[in-house]
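Participant: Here it is, the structure in full.
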Amino acid sequence: LCCCEYVDRRGERNHLAACCCDCEDLDEGCERWLTCKSLPPGALERIADTVADRLRIPWFAGAVKINVSLVPPLVLLPVFLHVAALHFLLGLVILTSLPVVVLWYYYLTHRRKERTLFFLSLGLFSLGYMYYVFLQEVVPQGHVGYSQVVALTCGLILMLAALSRAKKDPGYLPIPASNEKSSHRGLPNKSVRGSSNGLHGVTMSGAAIGRAVNGEAKGYSRMSAEEPEGVKKDWCAKCQLVRPARAGHCRLCGRCVRRLDHHCVWINSCVGEQNHQAFILALSFFMLTSVYGITLTLHTVCRGRTPFVALFYCPGAYSDYSSALSFTCVWYCAIVTAGMGYILLIQLLNISYNVTEREARLALRDNTGRRLLGGLVIDTGQYNRGFLCNWGHFLSLGSSPPQRSAEDIV
């Protein structure tokens with residue numbers, strides 16, 4: 001392959017010069033749009049897949065594919081913020097529509113169970129661009145000291161370090177070896193019973209194995225009619241392993257995670273036993289750094305007003321373009337900080353009651369939990385041992401030796 005050639009998703013040799021050619025779905029979509037006809041089911045998905053496959057840049061051994069989800073934040077965010085700085089009404093419209101678009105894209109990818117780098121790219125580029133605007137527009141005005149810039153920079157570095165740790169292994173359960181996996185496939189629906197009170201002991205009876213062979217046990221944690229209530233099977237049919245207590249299967253990652261809390265789109269990874277502490281640390285550093293940066297910027301742009309009052313009433317913000325851009329970025333940071341603050345609040349409440357986000361959703365579905373604090377937290381009562389014990393358990397996550405593998409248990 002030359003630098004401009006590549007092998008497309010159909011396995012055919014193609015060239016970058018033909019990126020706008022031979023797209024039948026796009027031609028049909030344009031024709032239906034001009035004739036005011038509705039698109040056939042799945043047409044937009046096929047067009048998006050074709051565009052994503054053809055978006056490449058020339059490289060030595062062939063054109064390299066670019067992840068489409070990385071492009072919108074890098075291109076659209078600076079454009080939107082600069083346009084919003086032109087006038088107050090433009091800023092109001094854009095800053096109102098941005099969260100709506102982000103939420104729409106989240107529900108779209110969540111419904112299709114797709115992993116995307118859009119939110120991670122948006123978060124990292126927003127941090128970098130806000131820091132650049134702060135150094136370029138706010139610091140030169142002379143109202144921010146050297147020590148304050150150093151403190152803001154240190155907070156940003158600490159947050160990125162915690163985020164890097166949160167991106168590592170969340171506590172994936174080891175996948176069984178190929179030979180043992182093939183033996184599991186021979187008996188894919190083993191009935192493994194575990195105590196529902198959080199103990200990791202697993203017992204298997206001959207009758208349970210017989211029922212599994214007959215094909216009566218299917219899927220995850222399905223209750224058998226002959227077993228007493230409160231006893232659940234911890235066999236994951238997709239990973240073909242026995243899950244310890246509080247572990248769960250992530251549909252986006254396709255792996256089982258110890259003490260699975262949730263799949264976070266902002267780090268494009270699961271939050272589990274091994275990275276939950278780093279996730280909380282990254283959120284905390286982000287909140288402190290963001291609030292501090294917003295305060296410094298508002299003290300510079302809106303002199304003589306408290307930060308909260310200046311956020312809503314700053315008459316001289318649009319007197320020049322530099323102040324307008326800084327004020328627009330402050331409002332963008334405030335919207336993001338409010339969203340991250342809500343996530344951090346829910347996480348802290350869940351830790352205080354020793355419940356994970358996954359367990360809270362299951363409790364709501366099965367109507368087995370209590371809504372507390374206006375519905376902000378769902379107390380399942382299963383692992384709650386009091387505020388201090390719950391936080392002690394959280395701070396000790398990852399320090400205990402890992403669970404025995406499914407093969408050793410079986």
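Cβ from N, Cα, C; glycine included.
Reproduced below are the annotations present in TrEMBL:
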- 232-360: domain 'Palmitoyltransferase DHHC' (DOMAIN)
- 79-105: transmembrane segment (TRANSMEM)
- 117-134: transmembrane segment (TRANSMEM)
- 146-163: transmembrane segment (TRANSMEM)
- 278-301: transmembrane segment (TRANSMEM)
- 321-345: transmembrane segment (TRANSMEM)
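So where do these features actually land, and what's packed around them?
Facilitator: For the domain 'Palmitoyltransferase DHHC' (232-360), the DSSP-based tally of helix, strand and coil residues reads 72 helix, 18 strand, 39 coil.
For the transmembrane segment (79-105), the list of distant contacts is 118-119, 122, 129, 318, 321, 324-325, 327-329, 331-332, 335, 339: same-chain residues at least six beyond its ends, Cβ to Cβ under 8 Å.
Long-range contacts of the transmembrane segment (117-134) within the same chain, counting only residues at least 6 positions beyond its ends with a Cβ under 8 Å from a Cβ of the stretch, are 67, 69-70, 72-74, 77-78, 81, 102, 105-106, 109, 152-153, 156, 159-160, 265-268, 293, 296-297, 325-326, 329, 332-333, 336.
Outside the transmembrane segment (146-163) by six or more residues, the chain places 127, 131, 134-135, 139, 267, 278-279, 281-282, 285-286, 288-289, 292-293, 296 with a CB less than 8 A from a CB of the stretch.
Tertiary proximity for the transmembrane segment (321-345) is limited to same-chain residues at least six positions away from its ends with a CB under 8 Å from its CB atoms, namely 81-82, 84-86, 91, 95, 98-99, 126, 130, 133-134, 137-138, 280, 283-284, 286-287, 290-291, 293-294, 297-298, 300-302, 311, 314, 376.
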